[in-house]
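Participant: Quick paste from TrEMBL:
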type     : residues : note
REGION   : 1-23     : region 'Disordered'
REGION   : 44-171   : region 'Disordered'
COMPBIAS : 45-78    : compositional bias 'Basic and acidic residues'
COMPBIAS : 95-107   : compositional bias 'Low complexity'
COMPBIAS : 108-117  : compositional bias 'Acidic residues'
COMPBIAS : 129-138  : compositional bias 'Basic and acidic residues'
COMPBIAS : 146-163  : compositional bias 'Acidic residues'
REPEAT   : 176-208  : repeat 'WD'
REPEAT   : 277-319  : repeat 'WD'
REPEAT   : 382-406  : repeat 'WD'
COMPBIAS : 538-563  : compositional bias 'Basic and acidic residues'
REGION   : 538-577  : region 'Disordered'
REGION   : 629-652  : region 'Disordered'
COMPBIAS : 642-652  : compositional bias 'Basic and acidic residues'
């Protein structure tokens, strides 16, 4: 193809672009006059625009930081309401930023609305440099401010954060009746599906929230430690095992259904050094699972030791920690716990001290504060916060104290006036670590026990809940359910929840109506499944309740049918009314009641004349030796003299 000359190009300009030529060249507008532009001027304009925009956003960010500082100052002054000026500043800034963006957008749209640039494309190297320069300028820009609606939402969230009392789920409650004695132990599995309670009545009861109805009845009750009071119950971190600590010296581990998994061995009480025994030798106080390692748990006892165990090795403890006073004497630990990461072991002792060990170093404690609480009072609970930096202790001296383990030389805060009368009154942190909860004890008939909430940052008493007319012993705030479980001194376990703030748990069972017991269920026996029994011992599976009920009605033992009188000869060991046996004859003839109410003397004298006329039994036997009558009754003196015997008439 021959290239056109200048005259042809000029002719094409005069007559207009040739459409066929445009198709051949591959782009439109061929033949128009090319527009000249300056790349350096464009780069300079882009740089100025980016600098201006970044300057405005930086100013807006500085204003926002000033507002945050003002909010912090207001928080320190306990003023939770944001000022109107700050909100106006945010809104003005947001509006100015939106107006800037709109103006910039209009400028860009005006630039884009110019005539389409026509001409040869930029060199590839220059084009890449320009694009890279623009990307660098844009990447240096800070993110824009939030819109006005998002600012309003953040303000609302900050208000909720500033007031943690509003997050307490106490609008609704349910009551689970454990028994008549103190509920001294509570345990909730990690998923929040099952609750286990233990008390002074030696019973451990299982509650399934998904399986319960409005009657709130436990589905299983057992006594794993026989006649020992239950002191502590805790689910493992996997939820398949429960640690049971009672008043005995041997802790037990049971599974979710209540069957025993292992029992710790008892030590030798005649050995002086408790580190040389294989187990505890005195009453236990409490226990705790390791938060990270499966199958490891810890117990403390009156033998002045804290021992760690493994489920796979119940014949000997894993390690022994021996609390000591500052003089090196033995001291009894009353409670113990793991830190959240499981690296530390904390124990409170009867002399008022709190001692913390490294889990791998059993000799000397890492932290030791000797007068955390009054000596001689049993510290009932120590627990770590969720961030692992703060330790809360509930003392028997009616106090609640907060400690920072990074500076374990004095308590951060202390609250008094919290009476306690139980050696297992505990405390716990809220799921967001902003509140601390504990219970109070009361004498019987002297008021009601309370659940008291303290703010962690200021340790002010911000909220109270009246539980019942008895002491509050146990409290548990589950982080996944956001529900509070409470154990009381009158045998009740209460669950507090909020339909909007809580998840599952008690919300599952309150919506179910109470089922009525069927009559067939009360009369028929439960079918026991024995999968490993022989076929000859298997019971037939009942197919219909009505048919089984009819069979039970015909059975005299199951229906308690009275026995009818025996007709004919006796059978089954019972004597009939008549028959040919000797016993029936005796009953019929001799053993009958033949009572005679007549005078016995008259009955005897009735036969006197016949016996005198015809002697048969006695008189013939004495006929030869029987003397004659020597004395006789006479009616007159003549008859007396007449009938006198011969020896009397004779005169000597």
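Keep in mind that glycine also has a Cβ here, set from the backbone N, Cα and C atoms.
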Participant: Sequence-remote contacts (6 or more beyond its ends) of the repeat 'WD' (176-208), Cβ cut-off under 8 Å?
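Facilitator: Apart from its flanks, the repeat 'WD' (176-208) reaches 216, 218-235, 237-239, 242, 244-245, 256, 258, 422, 424, 471, 473-476, 478, 480-481, 483, 485, 487-495, 503-505.
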Participant: What are the DSSP helix/strand/coil residue counts across the repeat 'WD' (277-319)?
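Facilitator: Its residues divide into 0 helix, 19 strand, 24 coil.
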Participant: In the same chain, which residue numbers or ranges, 6 or more beyond the ends of the repeat 'WD' (277-319), come under 8 angstroms Cβ to Cβ?
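Facilitator: Distal contacts: 231-232, 234-238, 241, 243, 245-251, 253, 261-269, 271, 330-342, 345, 347, 359, 362, 423-424.
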Participant: Average the pLDDT scores across the repeat 'WD' (382-406) and report the rounded value.
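Facilitator: A mean pLDDT of 91 is what the predicted model shows over the repeat 'WD' (382-406).
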